[in-house]
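Reviewing the structure listed below.
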Amino acid sequence: MAVSTRPRQAFAIASVLGLALTATACGGSDSKNDKADSPECAAYKEYQGHSGKKVSIYASIRDLEADRLQNSWKEFADCTGIKINYEGSGEFEAQLQVRVDGGNAPDIAFIPQPGLLTRFAEAGKLKPVSAETKAMAEKNYSPDWLKYSTVGGQFYGAPLGSNVKSFVWYSPKTFKEKGYTVPTTWDELIALSDKIAATGQKPWCAGIESGDATGWPATDWIEDLMLRTQTPEVYDQWVTHGIPFNDPKVAEALDKAGTILKNEKYVNGGYGGVKSIATTSFQEGGLPITQGKCTLHRQASFYANQWPEGTKVAEDGDVFAFYFPGIDAAKGKPVLGGGEFTVAFADRPEVQAVQTYLASAEHANSRAKIGDWVSANKGLDLANVANPIDKLSVQILQDPKTVFRFDGSDLMPAAVGSGSFWKGMIEWINGKDTAATLTFIEGTWPK
Amino acid sequence: MNFEFADEAPKLMILLYGLVAFVVVVGGLLFLLDAVPTWFARRRDARLIAASASGGTVTIGRLKPREGVLGLFFLLPTVLLLLIGLVVPAVRTLVLSFMDSDGTNWVGLANYDWMFSQDEIVKVLTNTLLWVILVPLIATSIGLIYAVMVDKARFESIAKSLIFMPMAISFVGAGIIWKFVYAYRSEEQDQIGLLNQIVVFFGGEPRQWLLNAPLNTLLLIVVMVWIQAGFAMVVLSAAIKAIPADIVEAARLDGVNAWQMFWRVTLPSIRPALIVVVVTISIATLKVFDIVRTMTNGNYETGVVANEMYNQAFRAGETGQGSALAVILFVLVVPIVIYQIRNLRKQREV
């Protein structure tokens, strides 16, 4: 064989070099945490004793929000010596399933869909929380919130962040110029819409395109109107399939949403006709408000992050939001919202320590101080919430009079909640009638 | 956003380790590939020399088992990986397709029954059929016509690289590019999509291209054709260049025109290459996933089998239904693969 020996030598050198580098990488990372006894660590005494242990967390939170989240537990990690490895993924829902099936489950996951949580719990993949975590969660969250992560009487994890979805975004500036007032009832809302439509402008703008989750913003509309046209009890029945998906009560809510969403006179300001809702991304959905091309946009509190840089979000600023009014005052003040839950796939003591800490008021305040965050944690001090919309959301969540309901599509089995419900909404916007849409969704409910 | 290299140092270190690990592994493999046969060859040489020195006769047959060991050495990793990566998952998928959503109870043929009773899934199957018929046909035709046209033209290489370039783009990348081409903005806004800009330029109204079936499926097929035509062109162009010059010359002497030349000489001569191209593109098309997922995610009635399989198994958690779709996909690919293998055998015999 006429192969020169030189490349072979090169490979040998490269191999040795690589091994040496890997070896040095593995050594020398075990640092002692000498901060453990310092005064600022006093608050973390009960979590100590797991120094050098590692805990992996997997969630759908990415980019800036993920950096902020990681900062929120930095002090905890420094003081306890527990290393937290955080990983955020845009494909979280599908990849979590893959990782769990593949025997590579993270220690802790933040699951925003109780439906998905139930699936993992029923498959026996989730570990029930420790007594400490349970006590901490019960102290800080209302029973309503704890219910969503309780499966078969077993409690699996406390909520973390939350959001309030029953908001309509508007421009206080435009309202002042045109002399509009913030509507407090459904009739006032429709009267305002008609008034704006009469000027030749389309009052509402909407967008439900969201990559492979396209359709979800429309499901929020339906859920909000289920709560407004029906009672919370009917809403619960609908979510748990106590009544069929194509029940006349659901059709009523869908048609009510249709009076706005499928009204060519009302939508879609700045984008085109009704069908343009389907191809307008949810991130861009409300932006025409800042250009004066539409006036109203129903979207959750987290939409505050979507406004262009320099937009002032405040009651006297460029944009703000008001509570999406109810139809019948006798039905109270229903609020739709969502949030993620910290569940564990491992029950090592250090994992439980992290899980307990994440349920604590200390963590909620630590995260809120960094900015743009809402939680239903009762220990969250309103003074730590800077953003006015977040403040309003926390007030709503902490108000005992609020009739809170969790995002219905997130509670339903994934085949419906993040499958046919989304798909059905897209087709409904696209011209399919209410009855056919609901029958299609009903047909996909897992037996 | 500002990018601070200092902040990213840990990630860059990981990158460095990754690169080093790559060099180590690939280098090690190449080293083995080189060293092991050399070692065997040396030992054989040594034996031969020793044998001839002692004056004995050397039988070639005695060396065969040793070469068998060598063959096994190379075959083992492949067999092992095939077993882990292909055979076991295939069997498991088949088993899962007869089970319920979390793979605990047997449900018989319920998942297959579901497949053919849901309008949604029937639509998915017909869409896939549309893809498999149209993409190989159009992509191969375009590639063939292009190859014939640019053959011996002045700027042949430039013309060829132009159409071949999309091959270098990933399906996801292509999906994103074409999503922009079809992008929609209302009349009052500036168009950001090329197609709608052209429509507006000619005085038309911008349309939401990806919203209405079956036009949207056809527009997605265009993306696949755009990618695959280059592949068809390259292979067919090579085949055309391989046609013996004397055949072409003989045909010319017989006085054929360009049309006859194409149908009577070129086409029959490149028939094997043509089949390879059609088969390869057919298989790639059956598996199409990235384009659909990136551009519509199967919404607006554009779903195909691979995409629906992913959605059912991993998003909806209906493992059984997803597996059944995967099995169908497998069943659809098998005849094409068998045809391809038989075809290759026949060629070898000739």
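Every residue number used here counts from 1 along the chain in the order it is shown.
Just so it is clear, glycine is given a Cβ too, placed from its N, Cα and C backbone atoms.
Feature annotations, courtesy of TrEMBL:
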{"type": "TRANSMEM", "residues": "B:12-33", "note": "transmembrane segment"}
{"type": "TRANSMEM", "residues": "B:69-91", "note": "transmembrane segment"}
{"type": "DOMAIN", "residues": "B:125-340", "note": "domain 'ABC transmembrane type-1'"}
{"type": "TRANSMEM", "residues": "B:129-150", "note": "transmembrane segment"}
{"type": "TRANSMEM", "residues": "B:162-181", "note": "transmembrane segment"}
{"type": "TRANSMEM", "residues": "B:218-240", "note": "transmembrane segment"}
{"type": "TRANSMEM", "residues": "B:261-286", "note": "transmembrane segment"}
{"type": "TRANSMEM", "residues": "B:323-341", "note": "transmembrane segment"}
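Most Cβ pairs under 8 Å with the transmembrane segment (B:261-286) belong to B:323-341, among the candidate stretches B:12-33, B:162-181, B:323-341. With pairs at least 6 apart in sequence, the transmembrane segment (B:162-181) and the transmembrane segment (B:218-240) have 3 or more Cβ pairs within the 8 Å limit; the two touch. Among residues of the same chain six or more beyond the transmembrane segment (B:162-181), those with a C-beta under 8 A of the stretch's C-beta atoms are 143, 146, 192-195, 210, 219, 222-223, 226-231, 233-234, 288-291, 293-295.
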